[in-house]
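K.L.:
Structure in structure tokens, see below.
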Amino acid sequence: MVFRQAPVELPGLAPMPGQPFGVYLHVPFCLTRCGYCDFNTYTPAQLGGVSPDRWLLALRAELELAAAKLDAPTVHTVYVGGGTPSLLGGERLATLLDMVRDHFVLAPDAEVSTEANPESTWPEFFATIRAAGYTRVSLGMQSVAPRVLATLDRVHSPGRAAAAATEAIAEGFTHVNLDLIYGTPGESDDDLVRSVDAAVQAGVDHVSAYALVVEHGTALARRVRRGELAAPDDDVLAHRYELVDARLSAAGFAWYEVSNWCRPGGECRHNLGYWDGGQWWGAGPGAHGYIGVTRWWNVKHPNTYAEILAGATLPVAGFEQLGADALHTEDVLLKVRLRQGLPLARLGAAERERAEAVLADGLLDYHGDRLVLTGRGRLLADAVVRTLLG
């Protein structure tokens, strides 16, 4: 059942000068829901009222209101996520980017990314979105092992993701990412090695690898609770991470964030904005935005989202304004995950003392005036942050 949420009025927003500005666009559509996924996505059976075209109209209305509120700043990155953006098809994705251009100033060197599922892409799709101005594609590979794909409820064939990446490259994309998941119950070391090798051999310049997390309320969580599947083991997850890192490093990829590796120049600029103090407007059902010291989030259900925008009102469900302590905590939490490291100047005297203990434990190294996670430190990044912050 959908309950109408009263929209909340956002305070005035003042983008910080000199910081990159991005736009995130959330596509809430999926043909089926993967068992591990807790993202804000909906299948056709769950929606009924909101077609892709009605959603596009609502999104256009939000972008118009956003541009008016912000005085149309220059956009350096655009990221279309989901859900399954590729379900829209190439023409609708082209329209989506035109909508951003209609309401904002798109920088000449803007990075424009879209997520895609391998089973809903084909060469003409990639040709269409490349011609429209997209510069980067991120494909959900997860694994090449049939048993792993089955456990994750993925519907593409084992070789389809790598083939899709090859098609994207052939149609002119120089920046292509493949997402992997490691630690799935039933996965072997060999399954993971073959998956990493397949990603490298596809010719991509970026690989993301995430440990499987059993999210509350998902089909996977119910299977684990019933004893049908074992929960991921922390020691196994650490070993698998090391396998990924070693395999990618040997292939010429370098880590630049704990879960992300790339060839030189292949970093995802939009995601770097999230981790390194950037600002963005999040448009679409359930999307989050962050500008100045204000973070906000939209209503989640696409029907409610469209209804509110039909009244020319921003569909904001809530917001918070971060004080100095919260901003500092986020700064440490995010920057410590980056290869460029955490500037010592950002730490207070007590935090520097605690950092010495972490350095002595071999979890951090000095790189000039910055603290950078060691290989072992990356496995314990959350614990490092907790120690630094006390």
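The first residue you see is number 1, and the count goes up from there.
Every residue gets a Cβ built from N, Cα and C, even glycine.
Annotations for this protein, taken from Swiss-Prot, read as follows:
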- Y24, G82, E115: S-adenosyl-L-methionine 1 binding site (BINDING)
- C30, C34, C37: [4Fe-4S] cluster binding site (BINDING)
- G83, T84, Q142, R154, D179: S-adenosyl-L-methionine 2 binding site (BINDING)
- 15-254: domain 'Radical SAM core' (DOMAIN)
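Are these features on the surface or tucked inside, and what touches them?
P.N.:
Taking the Cβ of Y24 (S-adenosyl-L-methionine 1 binding site) as reference, residues of its chain lying under 8 Å away and at least six apart in sequence are, in sequence order, V78, Y79, G81, H270, W280, W281, G282, A283, G284, A287, H288, G289.
DSSP assigns C37 ([4Fe-4S] cluster binding site) to coil in the three-state reduction, outside any helix or strand.
Q142 (S-adenosyl-L-methionine 2 binding site) falls within a strand when secondary structure is assigned with DSSP.
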K.L.:
What is the separation, in Å, between the Cα atoms of G82 (S-adenosyl-L-methionine 1 binding site) and Q142 (S-adenosyl-L-methionine 2 binding site)?
P.N.:
16
K.L.:
About how far apart, in whole Å, are the alpha carbons (Cα) of C34 ([4Fe-4S] cluster binding site) and G83 (S-adenosyl-L-methionine 2 binding site)?
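P.N.:
With the alpha carbons as reference points, the distance is 10 Å.
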K.L.:
Does anything in the same chain, at least 6 positions from D179 (S-adenosyl-L-methionine 2 binding site), have a Cβ under 8 Å from its Cβ, and if so what?
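P.N.:
Correct list: S138, L139, G140, M141, Q142, V207, S208, A209, Y210.
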K.L.:
Using the Cβ centroid of G83, T84, Q142, R154, D179 as the reference point for the S-adenosyl-L-methionine 2 site, which residues of the same chain not in that list have Cβ within 8 Å?
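P.N.:
Here the nearby residues are C34, C37, E115, N117, G140.
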